[in-house]
Amino acid sequence: MQPLSLFWQPAVIAVLFIMGQVLTFYAISKGDVSVAAPVLGIKVLLVAVLATLLTSDQLSGIVWAAAAIATIGIGMVQWSARRPRGSVVSKSAHGAGWTIGFAALSACSFALFDVLVQNWSPAWGSGRFLPLVFWMVAILSLGFLPFIKPVALKDPKLRPWLLLGTLLIALQAICIVFALSRFGDATRVNVVYALRGLWGVGLAWWIAVRWGGSEADHSPRVMVMRLAGASLLTAAVVMVVLGG
């Protein structure tokens, strides 16, 4: 067990995790899931860059090429999110730029989170570090209670979905933090995480068509463009993982 003087390390990681989650929710609330999800996949590129900066290594040419491909992919996703002239935009919609911006900031938070977990957890041990981080996340999350609308939580139709979403977020976080602290390879662990960009486009479209959602209002051409952009982002991630 590390001394009390080092307890700031899990605290910093807990704050980064909360920031990443909050920014993700903002990204999704400002636009389509099929726009935000591919951009969140650039986290693996940011992990490679941050890991290089923190270890004083040089970025390889493959990483730079992957960054260029990822930029093109993000541009395709953003272009597909443009609305035709004369279309009605809700007051709550701030455009694709806000969605992509919040998603990119979320990816930055989670990337730094991953790199610091990889660097700090070996000295603590994954069995100690993981519970400590998430206890701190739970305690810090209490600060959001004043902003919760309890009336909405009383809806019996909402509660099962809220519980399911909470469990899935917790499961995702526990799995990735355990993998990072146990195996210590942040870049390669993130290849699976990055694939959610492709999954996000396809699933968001299917769910919207089946149960309703903004993606259902888009033409197949727009969704294919988003899928192509997500594919470029995924290809950039694979380049970093296999050759970076």
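Every residue number used here counts from 1 along the chain in the order it is shown.
Cβ coordinates come from backbone N, Cα and C, glycine included.
What TrEMBL lists as transmembrane segment is 6-28, 35-55, 61-81, 93-117, 129-148, 160-181, 193-211, 223-242.
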The recorded stretch from 35-55, 93-117, 129-148, 160-181, 223-242 sharing the largest number of CB pairs under 8 A with the transmembrane segment (61-81) is 223-242
Establish whether the number of Cβ pairs under 8 Å between the transmembrane segment (160-181) and the transmembrane segment (223-242) reaches at least three, counting only pairs separated by 6 or more residues. no
Could you tell me whether the transmembrane segment (93-117) and the transmembrane segment (6-28) are in contact, taking contact to mean 3+ Cβ pairs under 8 Å with a sequence separation of 6 or more? yes
